[in-house]
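**Q** Below is a structure I'd like to ask you about.
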């Protein structure tokens, strides 16, 4: 137990007020260290004799001197260094940029449907130009049900990603990244479909009749394809020619990459389930003989590389302004700078409710205070 040492107790007999002054110092149970400086008795005697003619000053002086001696004698203090809290960089949401990215993606999706309609008129007749040889088709026979599995898995992954995106705190930043990458991938797809028109991969394809100069009929097909989401199970996809590269593989791969990137690493089973859905969907495209193997491989490669390139620059600030960053020579780098200009740090994986709930209805009658109150005895 700590002992209390009464250094000095004096009574102030001044005419103005009377009071008792008591100084108490708690001693540490550890052995007392040797004093840092010894005071010479003669010095104290000289000081007392010097101030002997001033009794009004001697009492406070001796009291202060004794207090300093006690502090030097009981030097058991620990210096605690308070580290300054790191400043959390604010991430501006900038929903207007997300809106621009959404318009960009929607435009390229519509452009893809237009390009499919154009390419459909150039697809060679399967009786004249039979399907190209494919090694996967040589070993795996066609299963009619497989493509339905692909589209169901794709819809499940899109639904999971949309739900996860709604629960993210920084959904504006993540959303514009998704829209930009999806729009760019479908823009690439428009180019590859137009420059190279492949024959149908199998004799089971029943392509719609060619319209040639019927512009009104082509517009109707475009609207029908958009309304059905470009899916065969909805009966909206009746045209051929959109083979290089696979749009289904793009969506299966892109949704899985975003699901894994913007969810905690502890969600391992969630990641495994989504990976299985994506992998099974991609394999079933080939099992159904709906695309050539090269269509699927090119789609996976372009989707994964574009995703990794974008997020490499987004998560490494030093790469953006570096002259040695060869990724900055891509044609879409100015668009990247526009979208990521004010995002100065890695976007944390933080979840929140999409609709803010008023906290007034959940207030507890017992209020807690976390402030230090200083009291003064008068």
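Cβ coordinates are placed from backbone N, Cα and C, and glycine is handled just like the others.
Pulled from TrEMBL, these are the listed features:
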- 47-56: compositional bias 'Basic and acidic residues' (COMPBIAS)
- 239-312: domain 'Sphingomyelin synthase-like' (DOMAIN)
- 30-62: region 'Disordered' (REGION)
- 99-119: transmembrane segment (TRANSMEM)
- 145-166: transmembrane segment (TRANSMEM)
- 178-196: transmembrane segment (TRANSMEM)
- 243-262: transmembrane segment (TRANSMEM)
- 269-288: transmembrane segment (TRANSMEM)
- 294-310: transmembrane segment (TRANSMEM)
**Q** Which range out of 145-166, 269-288, 294-310 gives the transmembrane segment (243-262) the most CB pairs under 8 Å?
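**A** The listed stretch sharing the most Cβ pairs with the transmembrane segment (243-262) is 294-310.
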**Q** Would you kindly check 99-119, 145-166, 178-196, 269-288 and say which stretch has the most C-beta pairs under 8 angstroms to the transmembrane segment (294-310)?
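**A** By Cβ pairs under 8 Å, 178-196 leads among 99-119, 145-166, 178-196, 269-288.
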**Q** Is the transmembrane segment (145-166) packed against any residues at least 6 beyond its ends, judged by a Cβ distance under 8 Å, and which are they?
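**A** Hits for the transmembrane segment (145-166): 174-175, 178, 231-233, 248, 251-252, 255-256, 258-259, 262-263, 274, 277-278, 280-282, 284-285, 287-288, 290, 354.
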**Q** The transmembrane segment (99-119): which same-chain residues, six or more beyond its ends, come within Cβ distance under 8 Å?
**A** 175-177, 179-180, 182-184, 186-187, 189-190, 193-194, 197, 218, 221-222, 225-226, 230, 239, 241-242, 247, 339
**Q** How about long-range neighbours of the transmembrane segment (178-196): same chain, 6 or more residues beyond its ends, C-beta under 8 Å?
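**A** Sequence-remote neighbours of the transmembrane segment (178-196) are 98, 101-102, 104-109, 111-112, 115-116, 118-119, 165, 241-245, 247, 250, 254, 258, 298, 302-303, 306-307, 310, 332, 335, 339.
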